[in-house]
Amino acid sequence: MSISKTLPYNAIEQIKSYLLQLQNTICVLLESIDGKTRFHEDSWQRAAGGGGRTRIMTNGNVFEKAGVNFSHVSGEQLPASASAHREELAGRHFSALGVSLVIHPQNPYVPTTHANVRFFVAEKEDSEPVWWFGGGFDLTPYYGFVEDCEHWHQTALNACLPFGETIYPKFKRWCDDYFFIKHRNEARGIGGLFFDDYNEISFDHSFELMRSIGDHFILAYEPIVARRKDIPFGNREKAFQNYRRGRYAEFNLVYDRGTLFGLQSGGRTESILMSLPPTVHWEYNWHPEKGSDEEKLYTDFLPAKDWLKKE
């Protein structure tokens, strides 16, 4: 493996090929799981440069709304959300490629999930390109199951182990910190992996890590869906799901870096906001019943912890 951080001449083509394949693979698997509804594809172009391929599934047997979006956009200047902590990026033109997905299930016992893998490069004449990878995946249950959390985090560990024993704890902690709703003082879910600004060792090494995380997502999510999708539920569980979806919407509209980047860079609004739940309910000063399964989400699952099963 090369130890140079030089960007290969065909880096964009390599990454784009992988991302399109990843989008296809995930969509085929989700359609197979759902068994009723197929993805609607919407290809789009961005006037300032680039475009994408948005795929949306709605009102399925298993998935109430699922979006799997590929985008490849470029521009003359990075928006503030991407350059605020990297002053050396000022005045550089950029390219950004990624696959981002959010899945909102019908059954409240099936968790919502989000995953994203992406690549940025910022270039300037007579200067070396500045590039990095980012992404991760995280899980947002409404009703917690220890075995699901353990499986999710074990799969996250498996994605990271080929790249060293320090990667998983670092990316896990980063995920816990990132997906925290500060104004509510609570986590969005039970975490997973999150990383950004990653360009360690070489392009090949960094690209392989991004691919590993992308490829492990469906391995983490599919078994959980299979275990929970047929559990009976009623109005109480659906109401709690819609209430908790409000937290999801709050995070995405207030804090999410990808949402801010997309809106600030003149991205396609429909694709950027595909992450929002189809139905949401806010209730003033609501609190779960003492000892209820709803309360256990707050006490036993949302606080950050080590979910790896002890041997």
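Cβ coordinates are placed from backbone N, Cα and C, and glycine is handled just like the others.
As annotated by Swiss-Prot, substrate binding site applies to SER100, ASN116, VAL117, ARG118, GLY266, GLY267, ARG268, with the evidence given as sequence analysis. Following the DSSP three-state reduction, the secondary structure of ARG268 (substrate binding site) is coil.
Residues or ranges marked as divalent metal cation binding site by Swiss-Prot: HIS104, HIS114, HIS153, HIS183. There are 23 other Cβ atoms within 10 Å of the Cβ belonging to HIS153 (divalent metal cation binding site).
The active site, proton donor annotation in Swiss-Prot covers HIS114 and is backed by sequence analysis. Sequence-distant neighbours of HIS114 (divalent metal cation binding site): residues of the same chain at least 6 apart with a C-beta under 8 Å from its C-beta are SER100, LEU101, VAL102, ILE103, PHE137, ASP138, THR140, SER275.
A 10 Å cutoff on Cβ-Cβ distances gives HIS183 (divalent metal cation binding site) a total of 9 other Cβ atoms nearby, all chains included. Residues or ranges marked as site 'Important for dimerization' by Swiss-Prot: HIS183.
Tertiary proximity for the region 'Important for dimerization' (248-283) is limited to same-chain residues at least six positions away from its ends with a CB under 8 Å from its CB atoms, namely 42, 44, 46-48, 52, 54, 56, 58, 64-65, 67, 69, 71, 73, 75, 78-82, 96, 98, 100, 102, 104, 112, 114, 116, 118, 140, 179, 181-184, 188, 196, 239, 242. Positions annotated as region 'Important for dimerization' by Swiss-Prot, on the basis of sequence analysis: 248-283.
In three-state terms derived from DSSP, VAL117 (substrate binding site) belongs to an extended strand segment.
The two recorded residues VAL117 (substrate binding site) and HIS153 (divalent metal cation binding site) have their Cα atoms spaced 18 Å from each other. Sequence-distant contacts (6 or more apart, same chain, Cβ under 8 Å) of GLY267 (substrate binding site) comprise ARG46, SER71, VAL73, PHE261. Every protein chain considered, the tally of other Cβ atoms within 10 Å of the Cβ of ARG118 (substrate binding site) stands at 22. On its own chain, ARG268 (substrate binding site) has TRP44, ARG46, GLY52, THR54, SER71, GLY262 as residues at least 6 apart in sequence with a Cβ closer than 8 Å to its own Cβ.
Straight-line distance linking the Cα atoms of HIS153 (divalent metal cation binding site) and GLY266 (substrate binding site), rounded to a whole number, equals 35 Å. In this structure, HIS183 (divalent metal cation binding site) belongs to neither helix nor strand by DSSP; it is coil.
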